[in-house]
């Protein structure tokens, strides 16, 4: 039959052949080009624009793009005022035998406050905080603070890879202080110096030393766009990003907005919204995990689902509910009472590090963290009065329907690395993450650690970030 | 063949009756001990001691110092009360509190009604007890227990008490004269807080039951809203022979039945089918907005208080500004949800700042915010609809005053699933969650007409006392 067709084609007179062949060739070529182009064309998140300063945006003024050096300072007055408030703290005795089941145990809180009042040295901590260079710059009408650490020494032929690391709530840039040296100076810490970074840790606007937005609507998309502008201002066209908690949402948005700038995305927490498919996967996964792409470790972490996930989440998301609806009310007292602020923030460092800490009288706080480090993080919220704006971020982000939000349907195509820590609030198996993250190159089950990965297990996290880079760059 | 069918049916009916009969169990009265440490061997002191609220210069100076050093956060532009209590207006409230509010004078107002304390199950229980100043010939006062909620206190009843104990002087019919008992829920105001975990609404009901017996009342009426609704409901469940009538200004149904779910989906289109009146439909639908969305937006506080009361209450017990913002936000939003769109939260439209701040002081002075919040964990910490009493009905004659701006509307057809003997269900023309505080006349009138109906069925027995 084929012979017959060839024969009939060959037998055509010249004009007939070209009439058929030429358009056919064009058609085939066109299809090929279309196919090639469609493979390149990834849907991206619209960047948009914003203005977060007071009042109206000045019409013609061009923004001051200078990057100014910044040092965190304190005064005797500030410390005295803090001490005076701690001295007048009013406690309520806990119920008998409840440990941390009703929240932060006030008997232990008194010990924390006593340490804070008598031993914690804020001036000394500030020296530690200032050991890395700090800067501020104005973007979209507000001052954005960031830490920028370059490698102390770099060998010939090596380039420091820029890495943007974004914190969450109730954390801060300070959470990265232990991991930064492992990333900028691996050789000095017994690690291979094939991968060296220069690290940029900004403060999310509304947190710490970044100015709080004055306008409504500042969500993770706005933060992502601002951080893109920051990196561009610093001269980086391509960089890596890392995040957990809000940092995870923000860095994911960054990858969705400008995938060509994001060389690699590393996350220690994955937010994934549900759907019918996931429900089915959940139900079946309890009996035939392999059928729905769940590994044994996934099963161990997910089931019993109701207990480990639904009840746990309900039990631990009261703060999220009130912050997403009445942030100004919830934060009001915390901005006025340092001991209230400490209880509220440190409760998370207890429970989100290990759920069993709820059964301990001291919340297991000092098992993984030093009191100095914990209180330094609290001080960042206290001295900047940023607890209320930090809570508003919840309302701005959680007010809309997650299924219709602009970033809901946009896939993430940049090479992604996911570090799944065992004590994280909610476990996300690789098979679920794949729905959003189309290019997972690293997925690691971490042996230990909870929500505050960089703070609690800097070595493990650094290792995983470096592994991602090696995979991306084929090292 | 017919015989088999008949036998099966008969068996089925017998089983059904047997099963439904089981539901007639009453809620057992618990014997609790909530004091510190071990329960002592000796008998509890049952004396009723007079009590007066007092204040000192030191207490006032400490409060003023804290108000003076308050740290506020500027609100977002054009946010009014939509992000919570607006801090620009909060500054005004704090300034009033610092400079014009006269706590000493308010203490005198508080003390104008006789107050007492007595020890029950290891806790010092505080209560207000107001008898009518004068009674007409041959008449007796009906005892009425009124229970407050969160973030309220006994002070919420100060405007309605005179209307109930002395109706004639207020231009009302004196057909029913009451002597009113308003206890503070243990953990609230001047009532001692439980030292043991597990103190829930049933425990409070048991304590109030013992209180009424101790005061010599064997039959009484009970009235409540917010937690008072639940405690009085439990009281009617544990001691139905003692509660002559149960009056509620708030009703909540915690076990969702299939018919209720169906009524949510179809009630707008077939109201008659589900027993909905026009007013029910007006208040409940569109359900997404008025029901689901309202629940999500307004229950953040309940969620965090039901899981981490000690954390959230901690700062509020240390910062009077934070405490005022947290409490007064409810007096704004739960009085009228539209108040969120106002820069001042509409607070002073229905209440005076003196009254509002006196209520706040009843949390500040005794330092009871944390223990007050723990009540949420004890009651709903394990989930809504999980407790035994939630599945038991109420057979005592019940009256419901349904206020239009209550946070969630419960139609009579739903309430009837639990309250099997509703003899009065009235839509109030105006008012919100804090009924006694905001619309004392309306509430007093409804209580009066409810009691009238109860008495018609069963006149007040003199020998019962």
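Note that Cβ sites are derived from N, Cα and C of the backbone, with glycine treated the same way.
Range with TrEMBL annotation transmembrane segment, chosen from A:241-266, A:267-292, A:293-318, is A:267-292. Among the ranges A:1-19, A:20-38, the stretch that TrEMBL annotates as transmembrane segment is A:20-38. Sequence-distant contacts of residue A:394 (active site, proton donor), defined as residues of its own chain at least six apart whose C-beta falls under 8 angstroms from its C-beta, comprise A:169, A:320, A:323, A:324, A:327. Break the domain 'Epoxide hydrolase N-terminal' (A:67-176) down by DSSP state and the numbers are 37 helix, 23 strand, 50 coil.
Residue A:245 (active site, nucleophile) carries neither a helix nor a strand DSSP state and counts as coil.
Every protein chain shown contributes to the tally, and the Cβ of residue A:245 (active site, nucleophile) ends up with 23 other Cβ atoms within 10 Å. Under a cutoff of 8 A between CB atoms, and with a sequence separation of 6+ in the same chain, the neighbours of residue A:451 (active site, proton acceptor) are A:244, A:245, A:269, A:348, A:352, A:353, A:421, A:423, A:424, A:425.
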